[in-house]
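Encoded as structure tokens, the structure appears first; notes follow it.
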Amino acid sequence: MEKLWSLEDFDVENKRPSPEAQRRWRSAVGAVVKNPRRRFRFIADFAKRDAADKKRKSIQEKIRVALYVQKAALQFIDAGGRIEYKLSEEAREAGFGIHPDELASIVHSHDIRALKIHGGVDGIARKVSVSVNEGVGERDLPIRQNIFGVNRYAEKQARTFLMFVWEALQDLTLIILMVCAAVSIGVGIATEGWPKGMYDGSGILLSIILVVMVTAISDYKQSLQFKKLDEEKKKIFVHVTRDGKRQKISIYNLVIGDIVHLSIGDQVPADGIFISGYSLLIDESSLSGESEPVNVDEEKPFLLSGTKVQDGSAKMLVTAVGMRTEWGKLMETLSEGGEDETPLQVKLNGVATIIGKIGLGFAVLTFLILTGRFLVEKALHHQFTVWSSTDGLALLNYFAIAVTIIVVAVPEGLPLAVTLSLAFAMNKLMTERALVRHLAACETMGSASCICTDKTGTLTTNHMVVTKIWLCEKSIEIKGKESEDMLKSELSEEVLSLLLQVIFQNTGSEVVNVDGKITIYGSPTETAILEFGLLLGADFDEQRRNISILKIEPFNSVRKKMSLLVARPNGRKRAFCKGASEIILRMCNKFVDPNGEPLDLSDQHVSNITDVINSFASEALRTLCLAFKDMDDSSDERTIPEEGYTLVAVVGIKDPVRPGVKDAVKTCLAAGVTVRMVTGDNINTAKAIAKECGILTPDGVAIDGQEFRNLSAEQMRDIIPRIQVVARSLPLDKHTLVTNLRNMFGEIVAVTGDGTNDAPALQEADIGLAMGIAGTEVAKENADVIIMDDNFATIVNVARWGRSVYINIQKFVQFQLTVNVVALVLNFFSACISGSAPLTAVQLLWVNMIMDTLGALALATEPPNDELLKRPPVPKGASFITKAMWRNIIGQSIYQLAVLAVLNFTGKQLLGLNGSDATMVLNTLIFNAFVFCQVFNEINSRDIEKINIFRGMFSSWVFLGVIFCTVAFQAVIIEFLGTFASTVPLNWQLWLLSVLIGFVSMPVAVVLKCIPVEIKTKHHDGYEELPSGPDLA
């Protein structure tokens, strides 16, 4: 049995599976597939992928040549003369002075000479009729979109409903049955006349139409769900200046002439020209394939759509959008080839293959036995040489039954049920603020044994407020507006002036005042500090009016500081620095006294300030130091110093823990999921927050990033299981932690990330979770799930749905295998013993629909319950079809086969059936009882272990709807469609008997669930101990 059910060939990684493993399982499936087009719709198409890769490499090579061989290209163009572009009359009338294609070609060919001919960025701005300060006017948008195009890429046309109908008709067994039906109708009409001769064949055709329509509707609805999810994935927002105001818009609304603001982690949303900025470093690997980042400045001003901002910030002028960009042409190829299959889809393809082979064997045997008996009977009656059309119809009917057994036996719906369940879960998660980018992630999250989470914005609200400040050797508590007068009275003008300078001049954010309403565009930390500065009555524009910014080094998670160099009105230069308190403190050798004068920073002062930082941190405050340095004339024009600063202030920023986080962490721990906090904050702040959230326990370890990096492999093996907090971490620390958890301890790791440098950890983890609000586009692109509200509780919800998908598929597999076993064995042994099959082709097609499409709808879309998170996660390598499932399948099959066999062989005597229609009545009763056994077994399958299978059933409208439709249509088939389905109406006693036979499967299930199947105290699917006593219910 173990060898028969071995699924070794059907084992793939949940993330980036190897092509070898993907090809291995496809090969193992072989020819046991009824409808390859439908069954393999949601798996990678290697042929299309290869074609798309070739096209992608061709485009990348073209771009690489434009980027790196541009000089030779330009010399060639000069020798041959430049292309003449003729501007349309419409563009001329609208005030534009350059052709869209010419504008696009300047940037994607990096033609600096052509840019200079047009007057540089200012000349281009004039020709596209825009001011680099004011931006595009809202009323100009339609004309710009009309002339220069929209920022959308060519996409594959969505498939229509009729295409899904056609796909469902590609099922080989259905095609054979259609041929059988057509022959049956032809022969039937010739022998029995019209209309009686066409009933059998018409019944098969009507059943096929019903199966095809239900299948197509289910598949079409799935495709609409995936389309909706794809549209959500593509939503990217950028900051632009329009009508002189900074605002946030969708990249799809970008037009030529828009002034776009770029910062670290952004994706460049269109082709454009650099206007102004600092330290802009662009990763062009997505376009050119070159891994080395490129510096972009006034000398090299070209920015290409789809590239990523690795460092720095800038403003750019949009020059080409949509399909006029190389990224647009590249995007066409990205959707080709489909998404990688999920491990569960592959496993169930394996199960379907094994069952299909068994079913194929049974179908061939059934046909051979029926045909053999028929020929023996003819020989015994000395009619072997006498053949009639009736004999031909009988043989055709045997063949149709054998083919229909294959229809039922090859559970094509198993792998597709995974897709249905995942589509349902992903759609629900989207309404619950989690966007699943990759199918496998939703499934894998159910097995996650560890979550490495950021602190800021995930465990906390990310709404930061300055609540304490240290300056002039004293700590002051900030209590909103009432603190303004107190601070102004306590601080000298010189100190206040310096404080406002380090706040407003050293910032990458903007303060915008629109009709008296102040909006701050920047990170939550920057926003908190600027709000504090505004609280002191300062004016943002006034503070920055008389300075000239020479250089900016923006904050990132490696530097943990932001530095800025300015030229002051007196011609002198001043450097500002702010960031992680202990890092900035080490860079200082002076501090500001109450008179605003710099004093030497002694060891005692450093010790006192360190105590202040620790006292702030122990109150769960985020601490930052603000400092400046006046430069002498001999210093390098563009170098920002790394030492010799004067400390102005230490600020303590409160970022409250999100409501519900403590409960969510508690839920994780109860579910056997370890939560580890990895943060860039001070270790005392990290410990305080971790304790408040319930992450840091008395026996847990909180470690500093520097200390963690210096551990040996042996030390890591010893300490990692106990680590609960990593503070002052670098992105590399997160990557190291994730790698070791996976490789050393075999954990299934989910990791959160929001910055550009988190991309390696997000890729390395089993499930990468990017933040939707605080996350950069780079982080989102490398993630498997985007947490739209940045909330830790949402991550727990994803885990709940992941577990729900796994258990729902197990329920469906148990239900389907029971139907398989009973239908196969019943028809096979009936054929062997009596020479006829009690279930006809039409009836088997209906049963196939109950167990396939309708069964998947009922069981694979059940919503999760809280019990799922009171069990440990499913371990790696756990058997999918468990002993408890086998117990239920075998037990129910024995009961159903026993009852149906008794009816089949002694039913007439037991029920006193006689008359010409006794056989038809008995076969109808067997069919009806068989269907009701499946209806009640579908209800039994709602829980594999627990006796109470009604919990939550009446709130699951999909489940109730499927059960109601199944029973209602069964009644219609029996009472009204007898001529097509080979049934006769039943009296109320036989209806009651059918329902009673089905109902008895419920107490049978109760008895079965009391039979222990695990020696170890482990739940059937690796979740929990087998319940006993009162817990059983």
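A Cβ is built for glycine as well, from the same backbone N, Cα and C atoms used for every other residue.
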With the ranges 842-860, 918-936 to choose from, which does TrEMBL describe as transmembrane segment?
918-936
Could you give me the DSSP helix, strand and coil counts for the domain 'Calcium-transporting P-type ATPase N-terminal autoinhibitory' (8-49)?
22 helix, 0 strand, 20 coil
With pairs 6 or more apart in sequence, are the transmembrane segment (817-837) and the transmembrane segment (172-190) linked by at least 3 Cβ pairs under 8 Å?
no
Any chance you could find the range in 172-190, 354-376, 918-936 with the most Cβ pairs under 8 Å to the transmembrane segment (202-220)?
172-190
Under the DSSP assignment, what numbers of helix, strand and coil residues are found in the domain 'Cation-transporting P-type ATPase N-terminal' (118-184)?
40 helix, 3 strand, 24 coil
Under 8 Å between C-beta atoms and at least six residues away from its ends: which parts of the chain pack against the transmembrane segment (354-376)?
4-5, 7, 32-33, 384, 391, 394-395, 398-399, 401-403, 405-406, 408-411, 817, 820, 824, 827-828, 831-832, 835-837
State the residues, same chain only, that lie 6 or more residues beyond the ends of the domain 'Calcium-transporting P-type ATPase N-terminal autoinhibitory' (8-49) and have a CB under 8 A from a CB inside it; answer 'none' if no residue qualifies.
167-168, 170-174, 215, 219, 336-343, 345-347, 349-350, 352-353, 356-357, 360, 406-407, 410, 412, 415-416, 419, 438-441, 443-444, 766, 784
For a three-state summary based on DSSP, what are the helix, strand and coil counts in the domain 'P-type ATPase A' (237-333)?
18 helix, 47 strand, 32 coil
